[in-house]
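Notes follow the structure.
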Amino acid sequence: MARNKIALIGAGQIGGTLALLAGMKALGDIVLFDVAEGVPEGKALDLAELTPVEGFDAAYAGASSYDAIAGADVVIVTAGVARKPGMSRDDLLAINLKVMEQVGAGVRKYAPDAFVICITNPLDAMVWALQRSSGLPPEKVVGMAGVLDSARLRYFLAEEFGVSVEDVTAFVMGGHGDTMVPLVRYSTVGGIPVPDLIRMGWTSEERIAAIVQRTRDGGAEIVNLLKSGSAFYAPAASAIAMAESYLRDKKRVLPVAALLDGEYGLRDIYVGVPAVIGARGVERIVEVELDRSERAMFDRSVAAVEGLVEACLKIAPGLGK
Ligand code: A3D
């Protein structure tokens with residue numbers, strides 16, 4: 001059976017890590033695409049030289065021309081500018097919107113059957129722009145944010161309780177940004193919801209509130225430490241989990257930015273929701289019940305995403321229907 005083909009648009013910090021993880025997980029052959037001269041070729045060669053040491057067979061190629069992604073099964077997009085200290089995700093909008101239009105045109109022409117995962121920030125607006133400019137079906141174009149945000153929440157909860165990260169599930173909805181909605185009620189340790197653990201005296205409301213805030217600020221915490229660039233290991237691993245669920249038809253239930261079509265009473269907007277990811281892409285969006293305060297947080301988050309999409313439409317009115 002021929003190996004799958006994975007195209008990585010953007011061969012920067014996340015792109016390089018994606019290429020390493022995709023190879024190590026035997027997901028397929030990998031093409032790194034970037035506009036930075038020599039970078040995709042250099043990273044591809046370095047990674048190819050790692051394969052005999054690690055003992056896996058994957059072809060790595062670097063390219064700066066879109067025909068190299070022809071026939072890709074999965075396209076993961078990190079192209080654009082990363083956040084610098086003091087810069088909000090929203091500041092990135094105008095620059096990265098232009099990049100999404102170029103990437104969308106490349107994907108439309110060379111990889112129209114791919115499952116496309118967008119990571120470029122501001123995430124919920126960029127994935128929307130990518131779907132519009134590529135013209136691919138919405139169930140084949142998703143954004144990665146919730147897997148990362150919930151991984152951060154899982155890690156912090158595991159630390160708080162002194163338990164394995166494997167036994168902690170966590171749930172983050174909404175847009176990727178300061179208004180994300182971490183749902184403590186749907187987060188569990190060994191199946192026990194966090195509010196029950198508070199009642200059992202394992203932790204306090206205040207400590208959980210602090211963990212929720214740290215999750216919301218998770219991206220900025222790393223930006224401030226790194227000084228240049230933003231998180232890349234965990235974002236890459238999160239997108240790889242989504243790609244793997246698609247390629248292997250695992251039907252994992254993952255929080256992803258998906259285009260809503262009536263779910264949660266919303267239409268035509270990308271926002272983070274739990275979804276089943278399988279061979280058909282987004283196979284089902286899970287509509288969980290939100291209580292009044294959760295719904296209010298979700299609505300605030302949706303309003304923030306709507307604001308970003310409006311800003312995109314001002315810059316590129318052609319993306320509107
Ligand atoms: P970085 O290391 O700068 O890589 C971006 C790459 O994109 C660079 O190599 C650029 O040369 C390349 N690039 C720029 N313009 C183009 C273009 N027109 N076509 C092709 N390639 C281009 O950044 P990174 O890998 O650290 O981050 C990539 C993106 O992910 C940024 O927008 C981050 O803000 C975003 N990000 C999102 C999350 C989420 O959870 C959503 C987390 C972390 C980072």
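Including glycine, each Cβ sits where the backbone N, Cα and C put it.
TrEMBL annotations: computationally assigned, not manually curated.
Annotated active site, proton acceptor per TrEMBL: HIS176, in sequence order. Look at HIS176 (active site, proton acceptor): DSSP puts it in coil.
Around GLY12 (NAD(+) binding site), taking its Cβ as the centre, 21 other Cβ atoms fall within 10 Å, counting all chains. Residues annotated as NAD(+) binding site in TrEMBL: GLY10, ALA11, GLY12, GLN13, ILE14, GLY15, ASP34, ASN96, ILE119, THR120, ASN121.
Positions annotated as substrate binding site by TrEMBL: ARG83, ARG89, ASN121, ARG152. Classification of ARG152 (substrate binding site) by DSSP places it within a helix.
The annotation domain 'Lactate/malate dehydrogenase N-terminal' is assigned in TrEMBL to 5-143.
With a 10 A radius on its CB, ASN121 (NAD(+) binding site) counts 27 other CB atoms from all the protein chains.
The Cβ of ARG152 (substrate binding site) lies under 8 Å from the Cβ of ARG214, THR215, GLY218, ALA234, each on the same chain and at least six residues away in sequence. Classification of GLY12 (NAD(+) binding site) by DSSP places it in coil, neither helical nor stranded. Mean per-residue pLDDT, taken over the domain 'Lactate/malate dehydrogenase N-terminal' (5-143), amounts to 95. For the domain 'Lactate/malate dehydrogenase N-terminal' (5-143), DSSP puts the residue distribution at 67 helix, 25 strand, 47 coil.
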